[in-house]
Amino acid sequence: MRVFVILPAAGLGTRMAAGSHTPHQPKQFLELEGVPVLIHTLRAFAAVPAVSAMIVAVRPNEIERVQAQVNEYGFQDKVRVVAGGDSRQQSVSRALATVECDASDIVLVHDAVRPLIEPAVIARTIEAVEKSGAAIVGLPAVDTIKQVERTAAGAIITATIPREYIVQAQTPQGFRCELLRRAFAEAEADGFTGTDEASLVERAGAQVTVVPGSPSNMKITQPGDLELAAFYLRQRSSR
């Protein structure tokens, strides 16, 4: 069994730029405690012995820049940089097309801008995929969740969803390679776009299990997220 990791990193980071006074650059290039966010993410997966290779999908005009970072931090033997697409789904699909896998192999998909994923959680996700064929990291809901209907007057609550039925999906999301390929092929044939890989796999009829996540496995999206991530990182270093 081999484990391949796909890191979609072709986003523009428009939400981060909207609230920032600094010159705009994609989130994966921002520095967290002096090291690019993407490099923190690569380090976490490189620390897991089961991981065979990582594929980073970036915008075509950023391939050279990312490859230079990969080389600078010594990941060139384990990381490939490929051209992504205009959406997350396109980027993952293009990266997946470069993976030569067999029936026993596993593919993990992880947001490049979740730099604080812990190697132990990655390992547990791999174990869960070995058992069930599909698993994601999820964080149990702590707030009361309301279902709403959008109207001209604003959002109207239509139901309260019990928290025990809710998890906030995180990454990595892992699948047997052939299952993920089939899910992407069916989605493309039907013109379906999902917000994550699990939604495509669910649609293909497979059951997806959940591995407990952590609040520190945050996605850097908004201004202020870098400061919070730095706090988590310093806290982890002081253990």
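Glycine is treated like the rest: Cβ placed from N, Cα and C.
Residues or ranges marked as site 'Transition state stabilizer' in Swiss-Prot (evidence: sequence analysis): ARG15 (among others).
LYS27 (site 'Transition state stabilizer') falls within a helical segment according to DSSP. The annotation site 'Transition state stabilizer' is assigned in Swiss-Prot to LYS27 (among others).
What Swiss-Prot records for ARG163 (among others) is site 'Positions MEP for the nucleophilic attack'. Other C-beta atoms found within 10 angstroms of the C-beta of ARG163 (site 'Positions MEP for the nucleophilic attack') number 13, with every protein chain shown included.
LYS219 (site 'Positions MEP for the nucleophilic attack') carries neither a helix nor a strand DSSP state and counts as coil. Residues or ranges marked as site 'Positions MEP for the nucleophilic attack' by Swiss-Prot: LYS219 (among others).
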Those recorded sites listed as LYS27, LYS219, and which of them has the most Cβ atoms within 10 Å of its own Cβ: LYS27
Pairwise CA distance, LYS27 (site 'Transition state stabilizer') versus LYS219 (site 'Positions MEP for the nucleophilic attack'), rounded so that it is a whole Å: 10
Integer Å distance between the CA atoms belonging to LYS219 (site 'Positions MEP for the nucleophilic attack') and ARG163 (site 'Positions MEP for the nucleophilic attack'): 22
